Every structure is written in C-alpha cells, then in structure tokens.
C-alpha cells in the first residue's frame, strides 16, 4: 500500500522517472544497429590450396588429407568438410558459436604450418585461409565492364586495387573476384616444331625460367660514390620472350617464337563472367561471420565514390546486387506494423472504457514501456531486426494488459463513486498481486528459451529477452505511472453514461449478461465441459503430430542464387554457351531486374548465377512462384541444369550446394559410396516431396588413362618423372616463371597451343628426350584408353562424403521431405558401410524437432513452478494452466487453415500463447479466492462472481492482444513470411481460447476445489487404533 502511495502522491517524481526511461530508450534506439535477424552466423574459415594440373584424387590424397589431419586437431571445430577438384582443394571449418573467429584463425594458420612439410612440392604458394563462409550469398556484388579493356586487365585492376581497398572496410570478410584471371604471358607450344628441332618441353621450361630471374646484384663503390648494379635479367612481356634462344640445332639458334606462340593473355583462359549478357568482372563481397550486414554495406557504399574516382574512365563500375534494400524494407514494414498495433490496442481501450482521459493513460504507458526497452536492447548488444521488432509488436498487447487491469479496476471504483486518489490506491492494491503474477508467469515462459543451445537458442534469445524486458518495464509502469495518472486525471463518474456512449456500453452489458446466463448453464453441465476439455487435449496431440513442420519460414529476400551443373564431360567453350543461354532465359522474365554469373576455374562443368528480382511492389509473384515458373523454362535447356533457390537470411553449414537442403552420405570406403550414391539419388529424385535433387558426387568425367610400359621405358632410358613432367608441361597450364611488377606478380604459363590439342590425337605428337638425347614419342612406351574419372572428391571429417541437395516443391514442408528420405533409406536397405545424415539447415531442423516438445513442456513446468510459489498452492496453477489446450488447438488449426507449416516462428507463438491465455484464468482465480476468503462465498458463488466481474478486463486484454497480433497476419510486403506465422498462431490461439476458457476455467476450478475437499476430508478422519 505504501509502495503504491509513494508514486501516486508524488506525481512529479513519477513523471520524471518515466521521462528518464523514455529518453534512455530514444538514445538506445538511435544507437542500435540494424540487421535482418539476430547474429546467428557460425564462425567459418575456408582454407584453400592449389596444385595446377593435379587430378581431384591427387589433390584429395596429397593435399586435403594432410591438411585435414592437422586442422582436425583444432579445438571447437563443429564440422570440417573438404572438396578437391582439378588443381585445387577447399576445406571448410565450421566452429562452435562460442569460438572467437580471430583465435580460430590463429589456430588454423598454426595447423597449416604444421602440415606444410607433408604437402607435395610444386605448389605455387602455401595454403591460405579466409574468414568467410563460401556458401553464404554475397551481401553485395560489384561488376566491372569496359569496351576497350581486356578481361584480364579488368581482373588485374579489380583484384589488385579494388578488392584490396574493399577488404579493408570493417565487416568485410572476403572479396572474391571472378570472371577471368590475372594477366600472364602464355606460351603455346607447337609439338611438331619442337620435334623437328629436337627440343623437349622441359628444355623450353628451363630456358624460360633461367632467362627470367630476379636476384640481387650488389653494388660497387669507391671513396666517393656508390653504384647499385642493375641488369636486364627480367622479361616482362610476350614480345620480350619471343626472341629468347632456347636451343641450338647444328649451330643455329632456335628461338621460342620458332616453336611456340607467345601472347599476353591470362593465367587461366577457362574463366568467364557476365552481367546482363555483357562480359564482366565480378567482385563478390561476403561479410565476416560476426559482422552486421547493414553496417558493412553502408561502409562499402560510403567507399564507392572513392573507388569510382580511382577507376579509369574506360571502366564502368556498377552495383549488380545489394542485400540491404530488402532488409531495410522488411524492417520498415515491421515498424509500420508496430505502429498499427499500438493504435489498434489504444482503440480497444477506448471502446471499452468510453473515456478519452482513461484512454490517454495506456496511450502513455505503452510507448514508455516499448521505448524504454530499446535502452536495455542496446546494453545487451542486440540489434533492430525482424525478431526483436516482432517481439515489441507482440509486447504491445502484453504491456497494455497490465495497464488495462489496473486502469479497469480503478475505473470500476470510480464508477461506484469513490474519490480518484482513493480509487487509485484501492484499485491498485486489489490487482497488484494479479499484475505481478501475470507478468512473472509470462516472463517464466521464456526462461527455457534462454537456456536453449545451438542456433535456435541463439536465434530466439534476443526475442525472449526483448519481450521479457518490455514486460518488466510494463510491470513497473503499470504499478507506478498508471495509478498516478488515474488518481490525478480521472474523475468520479455517475452510474449513467452520456448518450453518445450508451451504444458501446449497452453492448458490453448485453455481452456480460449473455455470458452470465450461459455460464450458469455450463456450471450445471460440468461433465459435458469436462469432455470438451479432454477432447481439446487429445486434439492438440493429434494436430501437433499431423501438422507439417519446417525450420524457418521460406523468405522472399528479392535475391535468387543458382548453381549450374552440366554434363561432366562438357568443354569450357560449351559451358560458357550454357551460361549465356540460361542468363537469357532468366533475363527475359518480367520479374527479374538483374542477372550476373560466372563459370570456369577448377570446376569446368559448373557455374554460379545471382539474380536480383524487382521490388515486391513491382511484381505480383513471390520468389518461390518465380522459381517455379523459371524451372519449367530452364528444364528445356539440354545438357545442363540450373538449380535456383531463394537467398535466405539464415543458411547453416559451409557446403556450397545447389539447393537449400542437404543430405550427406558418409563412408570409409570410397567404392561403397560410389556404388550407393547413384542408387540413393535416383530413389530420392522420384519422391514427390523433393525437387531439384542433385549431388556433388561427379565421378563420370571423361578421362584419358595412360598406361606406361615400364620395361620399355627402362630400355629406352626414360623414367616416369620425365613422362609425367612432359604431360604437365603440355596440358597442365603449368606456371613456370614469375614476372614481378610494382603492383602485383604475374605468371608465365606454358602448355601445348590449343590448336594442337583439340582431340586425343594430341598425345601422339608428344615426345620425351631420353638419356641419350633422342626424341622418343609417347606412343612408344605408353598406351591410352578413355575412362571415367571423378571431377571432385569430397570429405567430411576424414571420411569420404557425398552430399545430395534438394529443394522443396510448393506446398511441401521440410518435415514431409525428411520423413520421405528416411523412409526411402530404410526401404533401399543401404548397408552399414554407408551412413546418411542431414546437413546444414536440415540437420538443425532435425535437432530442433527433437527439442520442441521438451521446450514447450519446460515452459509449462516453469510457469507452474512460478505460479505455485506465488499462490502457495499445487492446485491453483493447474487451474490456470488448463487454458492452454484450447489455445494450442486454435493455433494449430489456424496454421492448417492458412496452409502454414509449424516453424520456429510458430513455436514462438505457442510459447507466447502459454503466457497470454493464462492471464484470463489468473484474473478469475485471484478474484474467486479473494471472494472466498473475505466474502465468505462458496466456491460456486465465488467463481461465478469472479467471472462476471472480470469479464470486461478479460475481454479488453484478449482483444488488445488480438488486435496487437492482427497486423502481423494482415501484413504484406517485405518480410511478411516471418511475421504472418507468428500472427496466425497467436490470433488463432486467442480466438479459440477466448471461446472456451471463459467456460472451462470455472469448471476446472470447481473440479480441483472438490478434489481438494475430498482429500482434506480423507486426511481429517480420526485414526482408528487396532
């Protein structure tokens, strides 16, 4: 009593405290960063190594395996995967959430150093690492085009100057430059000319390497001067290499230009990049795992004027893709939804209280509670994101509930003629415990979320804390500011209302009278209500089992990502044509704004595409509908497939798969994996629950298998090393020398001129110089025949792995897909030597599925404990919790009605309903207990009176929560995929709960009261001594 009086009788102090909370909140709001979702990125580091010309199997055994053994000893590694292709290996290390990325990077470098001695010689550079996840979609893509500059020159400028500058911006983790490669001097050998001159390929390589050296020459000095010695020991251009003497034939000099074409070109000619049908260099920018995407993009945009100033006029720099506009639009939509929710909630209060002054009180209390929450969010290191703003939107209904309960009870005393200050004190004292019970039990719902681990726990923690803080501030405001404003602003009123207010008043009275009549009937038919209650419990169980489930709602971010997978024997020239064909099909779609893509490198039969869609307001279809439409057109392209998926704000794992979800096969036997993977992939492709099924196991690439006759080689004076060196020199794009320039280092690349290696007959022109200096054709000691070989070799941990990726057809949930996969694996009878498990997002979904029920039960148990402590009773918390089954039925039926799967967002809605619907029971039980204690009423009379007295605040609080959540259901635009499941769950649960709990709660209250009396009578019987 004294606590409440302290604030009621000191209005200036109370107002200043509220103002201080508001000012701190405004300051926190201005300082909060902006993000699509809470920070949930796993720390990921990518290790890269190259050995030009090495086969995928060689890369896997000689490069990947030593590195994996060393990297696997690092503490905190959650998952390690690797992919080895022609000449390159990439190892992805995913660390635990609590691992610092910089500390992990130091451990990775130490592991690379430890494995260095085990790696093969001939690697052009040491393995390197990057602190970025290659499977993440770029946060921004910049393109460089030019009418006069070559692709190699553009690439050099982009990688040497632009990429270096962008990489220094805070938050940037990796700048991947694609579309070409660095400039190089390319030496295209003529095998016949070499044979005629008696010059071996090794001799050419050694001559070039010896002619281009960079060594210190020292200095000469006398007593006065000092001269630095400088020589022309370096060759920098193709024109300087052409006259190089590489051999003497009968005293005549054989120059490099006599036996080869020497051109200024690029290191790897098998690279291509395009933007909207124009050749382009792509700068794909990815953020650090812990970086804020909006702040990083803003930093890049702020740097763009400086970048454009340093670019020559012949180069055009454009932003091809930017993730930030859709994120900002989504957050703006949430903020508008929040404002609408506040307005609707205040409208509900006005309709019930029919007083402008009374409505002004919650109109002040709600903003103070919500704005004050921003200060706590800033101190906790949170961000303004979809989930935290959704928490505040839902909190609108909660925070007004506390104010409504206090305000309505004070208003009731005022209507009875009590003086304002006395009514404020008396009304607050009567409901103070009720408000505390409602708030503490609501916060208790979120305690299990705070203890939840993994990605779901990290994702929901910010939501739970934000909502809990808002409820806590609301509790303080409702017991201090609200009664103070009631005591000083409201006046005692007469029983009659003004004529213009009679309509709403009569409706409320009529509803209350109708409720009283129906409640009497219900209390006389308790068994029927009991059957209905048990039916809702059973229906909950059935609906939860039957409803489709998924991890996170599929978002429409306005960006699509596509992976091209062509025939494994396709050439680079044909692959570049496929890229152009796919880009044309996509560019012609009316919903597409921009298309960029690239192909080449170590994976000749693959490519990547990034598609920016028009803003939501300029297109009618969702991203998934556009994908469905394009899938039909793209399927008509022969010899290649393009797999499209919508870019999501959450992507788990480091696998760069061609679909959203992955199922990984592991085996210690590569042969067993290669035998069973095609069978499993074929079976999964036939499932209607899956779409775009594809695999990263590609073991049907065309290979020419050379078989050496070692006896003949020994007799001819040729060793295996010389033969392998011949093949590497001829067909491996071998980097044989380095050209040093002020801004970068470039390579001299040697291979047989493509004009002489168009088919297998090129092998017949190859020869080796034996120990006697004679030219021995390759065909003398080797036979060759075509065979199949893998284009890539993949590992997970130290086991051979193959990942089958898939998307979901429209109308199919992730739970239906995973169940179908598990059922298929059982039906196929896959041996124990091949193990299957879900990866990435599908794996997290499986883990979340296992913990969902535990989480709901833990929340209910926590609420029960809190209520039991507050009421000092084992029974009354059960009465209050009896409201939950009806809310669960309503929520699940609403999700089914809207064809929305049960996702992590819907789980949040269920958790919120646990807190919301019990408020009705708390208000009933509190007044019934008080009536029994102080009024001497029977349980039947007490609960009946409590239901009637609390009918108006129950209707007000429920409608406030309902109208607070309704804008989430009706919202459209960017980000609505996240908001709608939450709104649907809450609105459905509230409607069903309001219809049932007004009747089931009093029945359950009486049931437990009779049960209590029965047990108390048994315990009170005298003990009979025998």
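Cβ coordinates are placed from backbone N, Cα and C, and glycine is handled just like the others.
Annotation source Swiss-Prot lists topological domain 'Cytoplasmic' at 1-6, 354-359, 412-430, 491-852, 918-947, 1008-1026, citing sequence analysis. As annotated by Swiss-Prot, transmembrane segment applies to 7-29, 336-353, 360-379, 389-411, 431-453, 468-490, 853-875, 895-917, 948-970, 985-1007. Per Swiss-Prot, the feature topological domain 'Periplasmic' maps to 30-335, 380-388, 454-467, 876-894, 971-984.
Mean pLDDT for the topological domain 'Periplasmic' (971-984) in this predicted model: 86. Contact between the transmembrane segment (336-353) and the transmembrane segment (7-29) is not supported: fewer than 3 Cβ pairs lie under 8 Å, counting only residues 6 or more apart in sequence.
Remark: secondary structure over the topological domain 'Cytoplasmic' (412-430) totals 15 helix, 0 strand, 4 coil, with classes taken from DSSP. With respect to Cβ pairs under 8 Å, the transmembrane segment (389-411) is most closely packed against 360-379, considering the stretches 360-379, 431-453, 895-917, 985-1007. Sequence-distant neighbours of the transmembrane segment (895-917) (same chain, 6+ residues past either end, Cβ-Cβ under 8 Å): 394, 397-398, 441-442, 445-446, 449, 456, 459-460, 463, 467, 543-544, 547-553, 811, 813-815, 848, 852, 855-856, 859-860, 863, 883-884, 886-888, 961, 978, 980-986, 988-990, 993, 997.
Between the transmembrane segment (468-490) and the stretches 7-29, 360-379, 431-453, the greatest number of Cβ pairs separated by less than 8 Å involves 360-379.
Per DSSP, the topological domain 'Periplasmic' (380-388) is made up of 3 helix, 1 strand, 5 coil. In the topological domain 'Periplasmic' (876-894), the DSSP tally of helix, strand and coil residues is 17 helix, 0 strand, 2 coil.
The residues of the topological domain 'Periplasmic' (454-467), classed with DSSP into helix (H, G, I), strand (E, B) and coil, number 14 helix, 0 strand, 0 coil.
Here the transmembrane segment (360-379) has Cβ contacts under 8 Å with residues 18, 21-22, 24-29, 31-32, 338, 342, 345-346, 349, 388, 392, 395-396, 399-400, 402-404, 407, 465-466, 469-470, 473-474, 477-478, 481-482, 485-486, 489-490 of the same chain, all six or more residues outside its ends. Beyond the topological domain 'Periplasmic' (876-894), the same-chain residues lying 6 or more positions past its ends with a Cβ under 8 Å from any Cβ of the stretch are 441, 533, 536-537, 539-540, 543-544, 547, 860, 863-864, 867-868, 902, 906, 909-910, 913-914, 916-918, 920-922, 925, 929, 984-993, 995-997, 1000-1001, 1004-1005, 1008. Residues of the same chain lying 6 or more positions beyond the ends of the topological domain 'Periplasmic' (971-984) and with a Cβ under 8 Å from any Cβ of it are 326, 329-334, 337, 386-387, 390, 394, 553-556, 558, 616-617, 891, 894-895, 898, 900, 903, 905-906, 908-909, 912, 965.
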